[in-house]
Amino acid sequence: MRHDHLLSAGQLTRGDIEAVLDRAADLADDPGAVGERHADRLLALCFFEPSTRTKMSFDTAMKRLGGDTVDMGPVESSSVKKGESLADTVRVIEGYADGIVLRHPSEGAAKLASQFVDVPVVNAGDGAGQHPSQTLLDLYTMRERAGLDDLTVGIMGDLKYGRTVHSLASALTNFDARMHFISPESLRLPHGVQFDLHDAGARLREHTDLDDVLSELDVLYVTRIQRERFPDENEYQQVAGEYQIDAGTLERARDDLTVMHPLPRVDEIAPDVDATDHAAYFAQAHNGVPVRMALLDELLGGDAATDGGAGR
Amino acid sequence: MSDPERELRVSKIRNGTVIDHISGGQALNVLAILGIDGSEGVGVSIGMNVPSDKLGTKDVLKVEDRELSQGEVDVLSLLAPEATVNIVREFEVVEKKRVERPERVVGLLTCPNHNCITNQDEPVESAFEVVDDGVRCEFCGEIVREDIGDHLAVH
Ligand SMILES: [Zn+2]
């Protein structure tokens, strides 16, 4: 992967993605394969929004690579609270660390950060924008469960604000995948994302009802519909209820359907799905560590060229 | 043919730029894009909603003692794709500039997405990629197709 930063899934080619997934598979088998070359390296974790999960996953990955992390801590106790710009914050942190993982509530934050620093920036979520490292682990999981060729994927829930959805859809255009987007009318994919998908020649259809396509799907990727997207509680309850699944729903699906979710879930997947063969979301979460190890290994680079990284 | 056009031609300028065939009603936005608000002291004549064979109605602008650069002309194309730009010296048209769509526009537009990082007091200029039927924020991906003039970051 010849990139300085990972800002959006759209920058990734099929070759880039496969290189990371292959490397992740190697590292999952043998975490020591990376050797000592990250031993003196520090990764800065800059989370301007609370997200223990993604942060822990990056923290674990960096430590498993033999490096260490420094954590900006919660925004409430940082200079940001005093009105410091993001551009200033990352320029200061650049002096502390060899790479920056950034989660921020504004779209485009990681792109902006990347323009002010020379160390690699990983976008760990920018508002309703992108979350490309999540996409890599999603694809890793899909490849393990269903393969990435001749794939029919349903993506359901909050498609408007769901950054994991935007990144995943964009990355899937590299593969032989048919995409079905299932959401309430008010939470359809944004124009900008649709524009890119059409531009990439994606085969996609939009639906408001899961039953229209459930029986065709190899993978169903479920996301949370958040209460704050709706003006009132009643409307939320009514709409969100139509996009929740349970074991009964899945009786109408193919036996080998894989159900995924970026987690945390609330009630969009009932607990009775967990025990079925469909459920892949916990394995998916676990895959975050080897995939982020592979990603950081690539981005932080170093001796990669002489250390088994040939051909990447 | 139409009297208003003849009248506008009468008020020839000695030196400067004549921008003709601006879509009707866009002249003030074109001035804003060019950063002209009258305070520079240059003479500006504006003809708005003048009858036009080609456009129905059109706007015409004459800016004295200022020759638009190709960059300015390109930016203008976003608001007035049909515009023609003539550079005038000593009452003669010495150059006709072609209006071509630029590949990107920097610092000129404000992103309509309020949650975009470019709207958060950061030390960056907005940047938009010009796409088939509009412009697209390089930071957040928001697409502006219509009423681009409403998103001018001026001045
Ligand atoms: Zn924007």
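Every residue gets a Cβ built from N, Cα and C, even glycine.
According to TrEMBL, the Zn(2+) binding site annotation covers B:CYS111, B:CYS116, B:CYS137, B:CYS140. Other Cβ atoms within 10 Å of the Cβ of B:CYS137 (Zn(2+) binding site), summed over all protein chains shown, number 27.
Summarising the annotation, TrEMBL assigns domain 'Aspartate carbamoyltransferase regulatory subunit N-terminal' to B:8-100. As a whole-number mean, the pLDDT of the domain 'Aspartate carbamoyltransferase regulatory subunit N-terminal' (B:8-100) in this prediction is 86.
According to TrEMBL, the feature domain 'Aspartate carbamoyltransferase regulatory subunit C-terminal' maps to B:104-147. Note on the domain 'Aspartate carbamoyltransferase regulatory subunit C-terminal' (B:104-147): DSSP counts are 3 helix, 16 strand, 25 coil.
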- Query: Can you count the other CB atoms that lie within 10 A of the CB of B:CYS111 (Zn(2+) binding site)?
  - Reply: 26
- List, in sequence order, the same-chain residues at least six positions removed whose CB sits under 8 Å from that of B:CYS140 (Zn(2+) binding site)? B:CYS111, B:ASN113, B:ASN115, B:CYS116, B:ILE117, B:THR118
- Task: Could you give me the DSSP helix, strand and coil counts for the domain 'Aspartate carbamoyltransferase regulatory subunit N-terminal' (B:8-100)?
- Result: 20 helix, 38 strand, 35 coil
- Item | Neighbouring C-beta atoms (10 Å sphere around the C-beta of B:CYS116 (Zn(2+) binding site)) | 24
